[in-house]
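J.: Pasting a structure below so you can have a look.
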Amino acid sequence: MLNVTLLGTGGGMPMPNRFLSSVVMNFKGRKILLDCGEGTQVSMRVNGTGFKSIDIICISHLHGDHIYGLPGLLSTIGNSGRVEEIYIIGPKGIKEVIDGFLITLPYLPYKLNILEDVSDLEFMVKKEKMELVELNEKISSDLSIKTLELDHSSPCLGYSFNIRRGRKFNVEKALMNKVPKEVWSKLQRNEEVSLNRVKYYSYMVLGDERKGIKLSYTTDTRPTEDIPGFIKESDLYICEGTYGSEEDMHKAIKNKHMTFKEAADLAKKGQVKKLLLTHFSPAINDPKEYIHNAREVFENSHAGSDGEERILNFKE
């Protein structure tokens, strides 16, 4: 199960009734934060999402409405008692920006691992943290994160998250591979085990892969020909909808954003299950007034709202 909360749905500037766009995902008690504009940690308190268990922070681009909340959040996480490493993923230039923020944060009780302009990452989800791993034929990860270069006025990344479902234990396979019963439970947890100088791996006892959960996120971009393939068959596609009406197309083109209808067209082409719009212009008072524009193209389109929660379950 993946729990997804929209911490904010605004673009450009924080408004009294709308925080800046940010999303937090919770999987097995560990969290991933997508973007961190001014006021994000306030919304986290309002929604009770917690700070200490944030392992990965994904930044789409370096405009203030997506990153100005980061210094304060990093400080708060430090005050929460966290000592485990945090990964910050972002576009080209993210390291320089974080280094600047750290001038105001001379001491953090945890390490920051800044991953700049990367395209494909794999993580294991452990009880106390998520951990970056290198895959081989013997070990499978719990989570893959892929990025895509978008079309905005500054370097910008889209994100696609694949949550892998744990494979079922296969007793016949374990016996065939002569795996001692005392290590079965650890191998089922995808751990590597040594016993009597012999190494055992999870592939020796686990069955075939099962369908997981895919969530994709693109914000602050014009439509590109690569997006539909990148988001293909996502269970949930979170996309910017800065402008509700096609009458604002000239603004969308000039400012390198999207209209509701353009986002819906990407969702349709990508054959996603559900589209959730976010990053609304301050000029939009009620995004739901414009949702018909998206549904004309892709029926399962929804205008997100601050604090909205979506639960994505594994399917058999």
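Keep in mind that glycine also has a Cβ here, set from the backbone N, Cα and C atoms.
Not measured: the values here are computed from a predicted model.
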J.: Check Swiss-Prot for me: it has Asp65, His66, His279 binding Zn(2+) 2, so pick out which one of Asp120, Asp142, Asp208, Asp220 it puts in that same site.
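T.: Answer per Swiss-Prot: Asp220.
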J.: Going by the Zn(2+) 1 site in Swiss-Prot, where His61, His63, Asp220 are listed, which of the candidates His152, His250 is also part of it?
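T.: Within the candidate list, Swiss-Prot flags His152.
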J.: Counting across all protein chains present, how many other Cβ atoms fall within 10 Å of the Cβ of His61 (Zn(2+) 1 binding site)?
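T.: Taking all protein chains shown, His61 (Zn(2+) 1 binding site) has 23 Cβ neighbours within 10 Å.
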J.: To see if you understand the setup: which same-chain residues, six or more apart in sequence, place their Cβ under 8 Å from that of Asp220 (Zn(2+) 1 binding site)?
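T.: When sequence neighbours closer than 6 are ignored, Asp220 (Zn(2+) 1 binding site) has Gly11, Ser60, His61, His63, His66, Leu150, His152, Cys156, Glu240, Lys256, His257, His279 within Cβ distance under 8 Å.
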J.: So which other residues, same chain and not among Asp65, His66, Asp220, His279, have a Cβ within 8 Å of the centroid of the Cβ atoms at the Zn(2+) 2 site?
T.: Gly11, Gly12, Leu20, Ser21, Asp35, Gly37, Ser60, His61, His63, Thr219, Glu240
